[in-house]
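Trainee: A single structure is presented below for examination.
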Protein chains: 2
Amino acid sequence: MQKLKCTVSYDGTHFSGSQIQPNKRTVQAEMEKAMTKMHKGKQVQIYFSGRTDAGVHAKAQVFHFETEMNIPPESWKKALNAVLPKDIHVKGIEPAPANFHAQFDAIEKEYRYFVFNCKERNVFKRNYAYYYPFDVDIKKIQVACSLFEGTHDFTSFCSARTAVKGGKVRTLYEVSCKKHEDEIVFILRGNGFLYNMVRIIVGVLLDVGSGKIDLPEIEEMFRKKDRTFAGKTLPPEGLFLWKVKYENEAGKQRGNA
Amino acid sequence: MQKLKCTVSYDGTHFSGSQIQPNKRTVQAEMEKAMTKMHKGKQVQIYFSGRTDAGVHAKAQVFHFETEMNIPPESWKKALNAVLPKDIHVKGIEPAPANFHAQFDAIEKEYRYFVFNCKERNVFKRNYAYYYPFDVDIKKIQVACSLFEGTHDFTSFCSARTAVKGGKVRTLYEVSCKKHEDEIVFILRGNGFLYNMVRIIVGVLLDVGSGKIDLPEIEEMFRKKDRTFAGKTLPPEGLFLWKVKYENEAGKQRGNA
(Lines of atoms letter the chains of each structure in order from A and count residues from 1; the text may use other names and numbers.)
(Lines give C-alpha, C1' and ligand atoms only; values in the text may rest on other atoms or scores of the structure.)
Protein backbone atom coordinates (compact mmCIF):
# COMPACT_ATOMS: atom_id res chain seq x y z
CA MET A 1 0.00 0.00 0.00
CA GLN A 2 1.37 3.40 -1.00
CA LYS A 3 0.17 6.84 0.07
CA LEU A 4 0.04 9.63 -2.48
CA LYS A 5 -0.48 13.37 -2.11
CA CYS A 6 -2.25 15.05 -4.99
CA THR A 7 -2.66 18.75 -5.86
CA VAL A 8 -5.68 19.67 -7.99
CA SER A 9 -7.31 22.80 -9.33
CA TYR A 10 -11.00 23.02 -10.08
CA ASP A 11 -13.50 25.49 -11.38
CA GLY A 12 -16.21 25.33 -8.72
CA THR A 13 -18.95 26.82 -10.92
CA HIS A 14 -20.64 23.56 -11.83
CA PHE A 15 -19.93 21.67 -8.60
CA SER A 16 -22.09 21.37 -5.50
CA GLY A 17 -18.89 21.79 -3.50
CA SER A 18 -15.97 19.48 -2.92
CA GLN A 19 -17.54 17.01 -0.50
CA ILE A 20 -19.47 13.96 -1.73
CA GLN A 21 -23.28 14.24 -1.52
CA PRO A 22 -25.96 11.93 -2.88
CA ASN A 23 -27.23 12.89 -6.37
CA LYS A 24 -25.01 15.96 -6.62
CA ARG A 25 -22.05 16.68 -8.86
CA THR A 26 -19.12 17.14 -6.48
CA VAL A 27 -15.35 17.30 -6.90
CA GLN A 28 -14.86 14.30 -4.62
CA ALA A 29 -17.38 12.19 -6.57
CA GLU A 30 -15.72 13.02 -9.92
CA MET A 31 -12.28 12.41 -8.47
CA GLU A 32 -13.25 9.06 -6.92
CA LYS A 33 -14.95 8.06 -10.18
CA ALA A 34 -11.65 8.69 -11.98
CA MET A 35 -9.79 6.73 -9.29
CA THR A 36 -12.19 3.82 -9.61
CA LYS A 37 -11.60 3.74 -13.37
CA MET A 38 -7.85 3.59 -12.80
CA HIS A 39 -8.25 0.86 -10.17
CA LYS A 40 -10.39 -1.28 -12.49
CA GLY A 41 -13.60 -0.84 -10.56
CA LYS A 42 -12.13 -0.93 -7.07
CA GLN A 43 -13.32 2.02 -4.96
CA VAL A 44 -10.67 4.38 -3.64
CA GLN A 45 -11.47 7.09 -1.13
CA ILE A 46 -9.77 10.48 -1.20
CA TYR A 47 -9.22 12.88 1.73
CA PHE A 48 -9.19 16.62 1.05
CA SER A 49 -7.34 19.26 3.09
CA GLY A 50 -10.80 20.66 3.76
CA ARG A 51 -14.16 21.35 2.16
CA THR A 52 -14.99 24.00 -0.35
CA ASP A 53 -18.60 25.08 -0.87
CA ALA A 54 -20.69 25.03 -4.03
CA GLY A 55 -19.32 27.58 -6.51
CA VAL A 56 -16.00 28.00 -4.66
CA HIS A 57 -12.88 27.42 -6.76
CA ALA A 58 -9.52 25.88 -6.02
CA LYS A 59 -6.27 26.92 -7.57
CA ALA A 60 -4.43 24.29 -5.51
CA GLN A 61 -6.47 21.97 -3.32
CA VAL A 62 -4.70 18.96 -1.80
CA PHE A 63 -5.92 15.44 -1.08
CA HIS A 64 -4.35 12.12 -0.23
CA PHE A 65 -5.28 8.55 -1.05
CA GLU A 66 -3.88 5.07 -0.74
CA THR A 67 -3.29 2.67 -3.57
CA GLU A 68 -1.81 -0.70 -4.34
CA MET A 69 -0.96 0.37 -7.88
CA ASN A 70 2.69 0.97 -8.57
CA ILE A 71 2.79 3.78 -11.12
CA PRO A 72 5.31 6.67 -11.37
CA PRO A 73 3.84 10.04 -10.22
CA GLU A 74 4.01 11.62 -13.70
CA SER A 75 2.00 8.71 -15.15
CA TRP A 76 -0.59 9.07 -12.37
CA LYS A 77 -1.05 12.69 -13.33
CA LYS A 78 -1.49 11.91 -17.02
CA ALA A 79 -3.83 9.00 -16.43
CA LEU A 80 -6.07 10.92 -14.01
CA ASN A 81 -6.26 14.01 -16.21
CA ALA A 82 -7.22 11.81 -19.16
CA VAL A 83 -10.36 10.57 -17.38
CA LEU A 84 -11.30 13.67 -15.33
CA PRO A 85 -13.86 16.21 -16.56
CA LYS A 86 -12.42 19.45 -17.92
CA ASP A 87 -13.21 21.51 -14.82
CA ILE A 88 -10.83 19.48 -12.65
CA HIS A 89 -7.12 19.28 -13.34
CA VAL A 90 -4.44 17.33 -11.48
CA LYS A 91 -1.41 19.61 -11.16
CA GLY A 92 0.89 17.26 -9.34
CA ILE A 93 1.06 13.97 -7.53
CA GLU A 94 3.83 12.68 -5.30
CA PRO A 95 4.58 9.97 -2.75
CA ALA A 96 3.72 10.85 0.86
CA PRO A 97 4.76 9.28 4.17
CA ALA A 98 2.44 6.49 5.40
CA ASN A 99 1.14 8.72 8.21
CA PHE A 100 0.47 11.78 6.01
CA HIS A 101 -3.04 13.27 6.22
CA ALA A 102 -4.06 16.09 3.84
CA GLN A 103 -6.40 17.64 6.41
CA PHE A 104 -4.66 17.15 9.74
CA ASP A 105 -1.13 17.87 8.54
CA ALA A 106 -1.96 21.17 6.82
CA ILE A 107 -0.20 23.97 8.72
CA GLU A 108 -1.35 26.91 6.65
CA LYS A 109 -4.01 27.73 4.08
CA GLU A 110 -4.29 30.64 1.73
CA TYR A 111 -7.58 31.86 0.32
CA ARG A 112 -8.08 34.66 -2.18
CA TYR A 113 -11.32 36.51 -2.73
CA PHE A 114 -11.76 38.41 -6.01
CA VAL A 115 -14.07 41.37 -6.38
CA PHE A 116 -14.99 42.88 -9.73
CA ASN A 117 -15.33 46.55 -8.85
CA CYS A 118 -16.81 48.24 -11.89
CA LYS A 119 -20.11 49.94 -12.68
CA GLU A 120 -20.66 47.76 -15.74
CA ARG A 121 -21.13 44.00 -15.33
CA ASN A 122 -18.74 41.68 -17.15
CA VAL A 123 -20.15 38.35 -18.35
CA PHE A 124 -16.68 36.79 -18.40
CA LYS A 125 -16.08 37.46 -14.71
CA ARG A 126 -19.50 36.43 -13.43
CA ASN A 127 -18.36 33.03 -12.14
CA TYR A 128 -14.91 34.12 -10.94
CA ALA A 129 -15.42 37.36 -9.02
CA TYR A 130 -18.05 39.03 -6.87
CA TYR A 131 -19.64 41.92 -8.75
CA TYR A 132 -19.51 44.97 -6.50
CA PRO A 133 -20.20 48.20 -8.40
CA PHE A 134 -19.82 50.65 -5.49
CA ASP A 135 -16.96 53.02 -4.74
CA VAL A 136 -14.55 51.74 -2.11
CA ASP A 137 -11.76 53.31 -0.08
CA ILE A 138 -8.93 50.79 -0.46
CA LYS A 139 -6.67 52.49 2.11
CA LYS A 140 -9.40 52.25 4.72
CA ILE A 141 -9.91 48.58 3.87
CA GLN A 142 -6.18 47.98 4.27
CA VAL A 143 -6.26 49.43 7.78
CA ALA A 144 -9.26 47.23 8.59
CA CYS A 145 -7.41 44.18 7.23
CA SER A 146 -4.77 44.53 9.92
CA LEU A 147 -7.43 44.17 12.62
CA PHE A 148 -8.04 40.60 11.46
CA GLU A 149 -4.39 39.57 11.49
CA GLY A 150 -3.08 37.67 14.49
CA THR A 151 -4.80 35.28 16.90
CA HIS A 152 -8.49 35.93 17.55
CA ASP A 153 -11.73 34.21 18.45
CA PHE A 154 -13.55 34.29 15.10
CA THR A 155 -17.00 33.30 16.43
CA SER A 156 -18.59 36.42 14.92
CA PHE A 157 -16.94 35.74 11.58
CA CYS A 158 -18.06 32.20 10.84
CA SER A 159 -21.39 30.61 10.05
CA ALA A 160 -23.56 30.12 13.15
CA ARG A 161 -23.88 26.52 11.94
CA THR A 162 -20.11 25.95 12.33
CA ALA A 163 -19.60 22.70 14.20
CA VAL A 164 -16.01 22.57 15.34
CA LYS A 165 -14.12 20.89 18.14
CA GLY A 166 -11.67 22.92 20.17
CA GLY A 167 -13.14 26.38 19.78
CA LYS A 168 -13.06 29.15 17.24
CA VAL A 169 -9.69 30.72 17.90
CA ARG A 170 -7.59 30.90 14.74
CA THR A 171 -4.44 32.74 13.71
CA LEU A 172 -4.35 34.73 10.48
CA TYR A 173 -0.83 35.43 9.23
CA GLU A 174 -1.92 37.75 6.45
CA VAL A 175 -5.06 39.69 5.62
CA SER A 176 -4.37 42.05 2.74
CA CYS A 177 -6.14 43.87 -0.04
CA LYS A 178 -4.93 45.22 -3.36
CA LYS A 179 -6.71 46.88 -6.24
CA HIS A 180 -5.55 46.63 -9.83
CA GLU A 181 -7.78 48.24 -12.45
CA ASP A 182 -11.29 46.83 -11.92
CA GLU A 183 -10.16 43.98 -9.71
CA ILE A 184 -9.83 43.94 -5.95
CA VAL A 185 -8.12 40.91 -4.47
CA PHE A 186 -8.16 39.93 -0.81
CA ILE A 187 -5.49 37.53 0.41
CA LEU A 188 -6.04 35.64 3.66
CA ARG A 189 -3.46 33.23 5.07
CA GLY A 190 -3.91 31.44 8.33
CA ASN A 191 -3.49 28.26 10.35
CA GLY A 192 -7.13 27.39 9.83
CA PHE A 193 -10.43 28.78 8.62
CA LEU A 194 -13.93 28.29 10.00
CA TYR A 195 -17.05 27.74 7.91
CA ASN A 196 -17.75 30.80 5.68
CA MET A 197 -15.02 32.73 7.48
CA VAL A 198 -13.35 34.27 4.42
CA ARG A 199 -16.67 35.25 2.82
CA ILE A 200 -17.84 36.93 6.06
CA ILE A 201 -14.56 38.77 6.76
CA VAL A 202 -14.32 40.10 3.18
CA GLY A 203 -17.96 41.20 3.44
CA VAL A 204 -17.10 43.24 6.55
CA LEU A 205 -14.03 44.67 4.80
CA LEU A 206 -16.15 45.82 1.85
CA ASP A 207 -18.62 47.36 4.31
CA VAL A 208 -15.68 49.34 5.70
CA GLY A 209 -14.57 50.32 2.19
CA SER A 210 -18.00 51.59 1.21
CA GLY A 211 -18.35 53.54 4.47
CA LYS A 212 -21.21 51.41 5.76
CA ILE A 213 -19.31 50.60 8.96
CA ASP A 214 -16.28 52.04 10.70
CA LEU A 215 -13.17 50.50 12.27
CA PRO A 216 -14.32 50.49 15.94
CA GLU A 217 -17.32 48.40 14.88
CA ILE A 218 -14.98 45.58 13.87
CA GLU A 219 -13.54 45.45 17.37
CA GLU A 220 -17.10 45.42 18.67
CA MET A 221 -17.92 42.49 16.36
CA PHE A 222 -14.98 40.50 17.74
CA ARG A 223 -16.18 41.21 21.31
CA LYS A 224 -19.80 40.21 20.69
CA LYS A 225 -18.90 36.65 19.61
CA ASP A 226 -22.13 36.54 17.65
CA ARG A 227 -22.41 35.92 13.89
CA THR A 228 -25.43 38.24 13.53
CA PHE A 229 -23.26 41.34 14.08
CA ALA A 230 -20.94 40.83 11.11
CA GLY A 231 -23.03 41.48 7.99
CA LYS A 232 -23.79 39.15 5.14
CA THR A 233 -21.83 36.23 3.74
CA LEU A 234 -20.49 37.10 0.30
CA PRO A 235 -21.32 34.76 -2.60
CA PRO A 236 -19.00 31.85 -3.44
CA GLU A 237 -17.93 32.81 -6.97
CA GLY A 238 -15.21 35.20 -5.77
CA LEU A 239 -13.53 32.66 -3.49
CA PHE A 240 -10.48 30.58 -4.38
CA LEU A 241 -8.63 28.10 -2.18
CA TRP A 242 -5.21 29.26 -3.33
CA LYS A 243 -2.66 27.11 -1.49
CA VAL A 244 -2.35 24.51 1.27
CA LYS A 245 0.96 24.32 3.08
CA TYR A 246 2.47 21.33 4.92
CA GLU A 247 5.31 21.08 7.38
CA ASN A 248 7.37 18.88 5.11
CA GLU A 249 7.02 21.30 2.19
CA ALA A 250 10.77 21.72 1.94
CA GLY A 251 11.05 17.96 1.63
CA LYS A 252 8.61 18.02 -1.27
CA GLN A 253 11.32 18.65 -3.82
CA ARG A 254 13.38 15.80 -2.35
CA GLY A 255 10.39 13.51 -2.59
CA ASN A 256 9.94 14.38 -6.24
CA ALA A 257 13.58 14.09 -7.23
CA MET B 1 -41.79 53.09 -34.92
CA GLN B 2 -38.30 53.72 -33.54
CA LYS B 3 -35.07 51.99 -34.47
CA LEU B 4 -32.56 51.18 -31.74
CA LYS B 5 -28.95 50.03 -31.88
CA CYS B 6 -27.85 47.78 -29.04
CA THR B 7 -24.36 46.64 -27.97
CA VAL B 8 -24.16 43.35 -26.04
CA SER B 9 -21.49 41.10 -24.64
CA TYR B 10 -22.00 37.39 -24.18
CA ASP B 11 -20.12 34.41 -22.91
CA GLY B 12 -20.54 31.97 -25.80
CA THR B 13 -19.74 28.85 -23.73
CA HIS B 14 -23.30 27.71 -23.20
CA PHE B 15 -24.77 28.98 -26.47
CA SER B 16 -25.19 27.12 -29.76
CA GLY B 17 -24.05 30.32 -31.46
CA SER B 18 -25.76 33.66 -31.95
CA GLN B 19 -28.27 32.74 -34.67
CA ILE B 20 -31.68 31.31 -33.79
CA GLN B 21 -32.05 27.54 -34.32
CA PRO B 22 -34.90 25.20 -33.34
CA ASN B 23 -34.47 23.56 -29.92
CA LYS B 24 -31.10 25.17 -29.27
CA ARG B 25 -30.06 27.79 -26.75
CA THR B 26 -28.90 30.73 -28.85
CA VAL B 27 -28.12 34.38 -28.10
CA GLN B 28 -30.78 35.56 -30.53
CA ALA B 29 -33.45 33.34 -28.96
CA GLU B 30 -32.62 34.59 -25.43
CA MET B 31 -32.49 38.17 -26.63
CA GLU B 32 -35.81 37.94 -28.47
CA LYS B 33 -37.37 36.22 -25.46
CA ALA B 34 -36.34 39.23 -23.34
CA MET B 35 -37.71 41.60 -26.01
CA THR B 36 -41.02 39.73 -26.11
CA LYS B 37 -41.30 40.07 -22.32
CA MET B 38 -40.75 43.80 -22.56
CA HIS B 39 -43.28 44.09 -25.40
CA LYS B 40 -45.95 42.22 -23.42
CA GLY B 41 -45.94 39.14 -25.61
CA LYS B 42 -45.45 40.82 -28.95
CA GLN B 43 -42.57 39.27 -30.92
CA VAL B 44 -39.69 41.55 -31.84
CA GLN B 45 -36.96 40.45 -34.22
CA ILE B 46 -33.34 41.50 -33.76
CA TYR B 47 -30.65 41.78 -36.48
CA PHE B 48 -27.04 41.11 -35.52
CA SER B 49 -23.95 42.60 -37.21
CA GLY B 50 -23.12 38.99 -38.07
CA ARG B 51 -23.18 35.45 -36.70
CA THR B 52 -20.93 33.98 -34.10
CA ASP B 53 -20.55 30.20 -33.83
CA ALA B 54 -21.23 27.94 -30.86
CA GLY B 55 -18.69 28.65 -28.10
CA VAL B 56 -17.53 31.95 -29.64
CA HIS B 57 -17.74 34.97 -27.32
CA ALA B 58 -18.59 38.60 -27.90
CA LYS B 59 -17.12 41.50 -26.00
CA ALA B 60 -19.20 43.92 -28.07
CA GLN B 61 -21.65 42.49 -30.59
CA VAL B 62 -24.18 44.89 -32.16
CA PHE B 63 -27.78 44.38 -33.24
CA HIS B 64 -30.71 46.59 -34.19
CA PHE B 65 -34.45 46.27 -33.70
CA GLU B 66 -37.59 48.30 -34.13
CA THR B 67 -40.07 49.11 -31.43
CA GLU B 68 -43.19 51.11 -30.78
CA MET B 69 -42.30 51.51 -27.12
CA ASN B 70 -41.12 54.91 -26.09
CA ILE B 71 -38.55 54.33 -23.36
CA PRO B 72 -35.31 56.25 -22.68
CA PRO B 73 -32.16 54.29 -23.72
CA GLU B 74 -30.86 53.94 -20.14
CA SER B 75 -34.17 52.39 -19.07
CA TRP B 76 -34.06 49.97 -22.01
CA LYS B 77 -30.66 48.81 -20.83
CA LYS B 78 -31.80 48.25 -17.25
CA ALA B 79 -35.04 46.53 -18.25
CA LEU B 80 -33.33 44.16 -20.71
CA ASN B 81 -30.51 43.27 -18.31
CA ALA B 82 -33.10 42.51 -15.62
CA VAL B 83 -34.70 39.78 -17.74
CA LEU B 84 -31.67 38.45 -19.65
CA PRO B 85 -29.72 35.39 -18.45
CA LYS B 86 -26.40 36.10 -16.74
CA ASP B 87 -24.26 35.17 -19.74
CA ILE B 88 -25.67 38.03 -21.86
CA HIS B 89 -25.25 41.67 -20.87
CA VAL B 90 -26.54 44.76 -22.63
CA LYS B 91 -23.74 47.34 -22.53
CA GLY B 92 -25.49 50.15 -24.33
CA ILE B 93 -28.54 51.04 -26.33
CA GLU B 94 -29.13 54.16 -28.41
CA PRO B 95 -31.45 55.55 -31.08
CA ALA B 96 -30.43 54.79 -34.66
CA PRO B 97 -31.53 56.33 -37.98
CA ALA B 98 -34.56 54.65 -39.58
CA ASN B 99 -32.38 53.16 -42.33
CA PHE B 100 -29.68 51.80 -39.99
CA HIS B 101 -28.81 48.11 -40.37
CA ALA B 102 -26.42 46.43 -37.91
CA GLN B 103 -25.09 44.03 -40.55
CA PHE B 104 -25.00 46.05 -43.76
CA ASP B 105 -23.76 49.30 -42.22
CA ALA B 106 -20.81 47.77 -40.36
CA ILE B 107 -17.61 49.13 -41.89
CA GLU B 108 -15.09 47.30 -39.72
CA LYS B 109 -14.96 44.37 -37.34
CA GLU B 110 -12.37 43.41 -34.83
CA TYR B 111 -11.85 39.86 -33.62
CA ARG B 112 -9.40 38.69 -30.99
CA TYR B 113 -8.20 35.14 -30.57
CA PHE B 114 -6.69 34.15 -27.22
CA VAL B 115 -4.22 31.31 -26.84
CA PHE B 116 -3.17 29.90 -23.47
CA ASN B 117 0.44 28.97 -24.13
CA CYS B 118 1.59 26.99 -21.11
CA LYS B 119 2.59 23.39 -20.48
CA GLU B 120 0.11 23.03 -17.63
CA ARG B 121 -3.63 23.26 -18.33
CA ASN B 122 -5.65 25.92 -16.49
CA VAL B 123 -9.26 25.05 -15.64
CA PHE B 124 -10.19 28.74 -15.42
CA LYS B 125 -9.10 29.46 -18.99
CA ARG B 126 -10.61 26.38 -20.63
CA ASN B 127 -13.64 28.22 -22.05
CA TYR B 128 -11.88 31.49 -22.88
CA ALA B 129 -8.62 30.55 -24.60
CA TYR B 130 -7.26 27.82 -26.84
CA TYR B 131 -4.86 25.59 -24.91
CA TYR B 132 -1.66 25.32 -26.92
CA PRO B 133 1.23 23.92 -24.86
CA PHE B 134 3.94 24.05 -27.56
CA ASP B 135 6.84 26.46 -27.89
CA VAL B 136 6.21 29.25 -30.40
CA ASP B 137 8.42 31.83 -32.07
CA ILE B 138 6.41 35.04 -31.64
CA LYS B 139 8.69 37.12 -33.89
CA LYS B 140 8.20 34.67 -36.74
CA ILE B 141 4.43 34.79 -36.17
CA GLN B 142 4.54 38.58 -36.30
CA VAL B 143 6.23 38.47 -39.70
CA ALA B 144 3.62 35.99 -40.91
CA CYS B 145 0.84 38.27 -39.61
CA SER B 146 1.87 40.99 -42.04
CA LEU B 147 1.28 38.62 -44.98
CA PHE B 148 -2.43 38.60 -44.11
CA GLU B 149 -2.80 42.37 -43.92
CA GLY B 150 -4.20 44.20 -46.94
CA THR B 151 -6.63 43.11 -49.64
CA HIS B 152 -6.59 39.42 -50.55
CA ASP B 153 -8.76 36.62 -51.82
CA PHE B 154 -9.28 34.58 -48.64
CA THR B 155 -10.77 31.48 -50.32
CA SER B 156 -8.11 29.25 -48.73
CA PHE B 157 -8.77 30.75 -45.31
CA CYS B 158 -12.50 30.23 -44.91
CA SER B 159 -14.70 27.20 -44.53
CA ALA B 160 -15.28 25.39 -47.81
CA ARG B 161 -18.98 25.64 -46.91
CA THR B 162 -18.85 29.46 -47.02
CA ALA B 163 -21.79 30.69 -49.09
CA VAL B 164 -21.18 34.31 -49.90
CA LYS B 165 -22.27 36.65 -52.64
CA GLY B 166 -19.69 38.84 -54.33
CA GLY B 167 -16.58 36.72 -53.83
CA LYS B 168 -14.06 36.13 -51.09
CA VAL B 169 -11.88 39.19 -51.36
CA ARG B 170 -11.59 41.03 -48.03
CA THR B 171 -9.33 43.70 -46.61
CA LEU B 172 -7.63 43.22 -43.26
CA TYR B 173 -6.42 46.46 -41.66
CA GLU B 174 -4.58 44.77 -38.83
CA VAL B 175 -3.29 41.28 -38.14
CA SER B 176 -1.08 41.32 -35.06
CA CYS B 177 0.15 39.06 -32.30
CA LYS B 178 1.42 39.78 -28.81
CA LYS B 179 2.50 37.54 -25.97
CA HIS B 180 2.16 38.47 -22.31
CA GLU B 181 3.13 35.80 -19.79
CA ASP B 182 1.16 32.66 -20.71
CA GLU B 183 -1.25 34.43 -23.01
CA ILE B 184 -0.92 35.04 -26.74
CA VAL B 185 -3.47 37.36 -28.26
CA PHE B 186 -4.13 37.74 -31.97
CA ILE B 187 -5.91 40.89 -33.15
CA LEU B 188 -7.61 40.92 -36.56
CA ARG B 189 -9.40 43.97 -37.89
CA GLY B 190 -10.97 44.11 -41.32
CA ASN B 191 -13.84 45.23 -43.50
CA GLY B 192 -15.37 41.77 -43.38
CA PHE B 193 -14.68 38.20 -42.33
CA LEU B 194 -15.67 34.96 -44.02
CA TYR B 195 -16.94 31.85 -42.24
CA ASN B 196 -14.24 30.44 -39.87
CA MET B 197 -11.71 32.91 -41.30
CA VAL B 198 -10.17 34.03 -38.00
CA ARG B 199 -9.93 30.50 -36.63
CA ILE B 200 -8.22 29.28 -39.82
CA ILE B 201 -5.77 32.20 -40.11
CA VAL B 202 -4.72 31.95 -36.46
CA GLY B 203 -4.27 28.19 -36.93
CA VAL B 204 -1.86 28.88 -39.81
CA LEU B 205 -0.05 31.52 -37.71
CA LEU B 206 0.46 29.03 -34.87
CA ASP B 207 1.75 26.49 -37.41
CA VAL B 208 4.33 29.12 -38.41
CA GLY B 209 5.18 29.79 -34.76
CA SER B 210 5.74 26.12 -34.00
CA GLY B 211 7.88 25.64 -37.11
CA LYS B 212 5.38 23.31 -38.79
CA ILE B 213 5.19 25.54 -41.86
CA ASP B 214 7.28 28.39 -43.25
CA LEU B 215 6.45 31.80 -44.65
CA PRO B 216 6.55 30.94 -48.40
CA GLU B 217 3.88 28.31 -47.74
CA ILE B 218 1.44 31.04 -46.74
CA GLU B 219 1.86 32.72 -50.11
CA GLU B 220 1.32 29.32 -51.70
CA MET B 221 -1.91 28.89 -49.68
CA PHE B 222 -3.23 32.23 -50.93
CA ARG B 223 -2.45 31.19 -54.54
CA LYS B 224 -4.13 27.76 -54.29
CA LYS B 225 -7.53 29.21 -53.38
CA ASP B 226 -8.37 25.93 -51.71
CA ARG B 227 -9.34 25.49 -48.05
CA THR B 228 -7.64 22.11 -47.79
CA PHE B 229 -4.17 23.69 -47.92
CA ALA B 230 -4.51 25.87 -44.81
CA GLY B 231 -4.48 23.48 -41.85
CA LYS B 232 -7.13 22.97 -39.25
CA THR B 233 -9.79 25.32 -37.90
CA LEU B 234 -8.98 26.24 -34.30
CA PRO B 235 -11.67 25.66 -31.65
CA PRO B 236 -14.19 28.41 -30.84
CA GLU B 237 -13.35 29.04 -27.17
CA GLY B 238 -10.43 31.36 -27.96
CA LEU B 239 -12.43 33.61 -30.28
CA PHE B 240 -14.01 36.94 -29.28
CA LEU B 241 -15.93 39.35 -31.48
CA TRP B 242 -14.29 42.42 -29.98
CA LYS B 243 -15.80 45.42 -31.74
CA VAL B 244 -18.06 46.40 -34.64
CA LYS B 245 -17.52 49.81 -36.17
CA TYR B 246 -20.03 51.97 -38.05
CA GLU B 247 -19.58 54.98 -40.27
CA ASN B 248 -21.59 57.24 -37.98
CA GLU B 249 -19.50 56.22 -34.94
CA ALA B 250 -18.45 59.83 -34.35
CA GLY B 251 -22.13 60.74 -34.24
CA LYS B 252 -22.68 58.11 -31.55
CA GLN B 253 -21.74 60.46 -28.76
CA ARG B 254 -24.03 63.13 -30.18
CA GLY B 255 -26.89 60.63 -30.35
CA ASN B 256 -26.35 59.75 -26.71
CA ALA B 257 -25.98 63.26 -25.41
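Every residue number used here counts from 1 along the chain in the order it is shown.
Each residue, glycine too, has its Cβ placed from N, Cα and C.
From a predicted model like this one, the values you see are computed outputs, not experimental measurements.
Below, the features straight out of TrEMBL:
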DOMAIN    A:8-105  domain 'Pseudouridine synthase I TruA alpha/beta'
ACT_SITE  A:Asp53  active site, nucleophile
BINDING   A:Tyr111  substrate binding site
DOMAIN    A:144-247  domain 'Pseudouridine synthase I TruA alpha/beta'
Trainee: How many whole Å apart are the CA atoms of the residue listed as 'substrate binding site' and A:Asp53 (active site, nucleophile)?
Mentor: 13
Trainee: Return the residues near A:Asp53 (active site, nucleophile) by Cβ distance under 8 Å, restricted to its own chain and a separation of at least 6 in sequence.
Mentor: A:Gly12, A:Gly17, A:Asn196, A:Pro236, A:Leu239
Trainee: Grab the pLDDT values for the domain 'Pseudouridine synthase I TruA alpha/beta' (A:144-247) and give me their mean, rounded.
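Mentor: Computed over the domain 'Pseudouridine synthase I TruA alpha/beta' (A:144-247), the mean pLDDT is 95 on the 0 to 100 scale.
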Trainee: Hey, what's the Cβ neighbour count for A:Tyr111 (substrate binding site) at 10 Å?
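Mentor: That number is 24.
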Trainee: Under DSSP, is the residue listed as 'active site, nucleophile' part of a helix or a strand, or is it coil?
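Mentor: Coil, per DSSP.
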Trainee: Could you put numbers on the helix, strand and coil content of the domain 'Pseudouridine synthase I TruA alpha/beta' (A:144-247), residue by residue per DSSP?
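Mentor: Computed counts for the domain 'Pseudouridine synthase I TruA alpha/beta' (A:144-247) are 37 helix, 32 strand, 35 coil.
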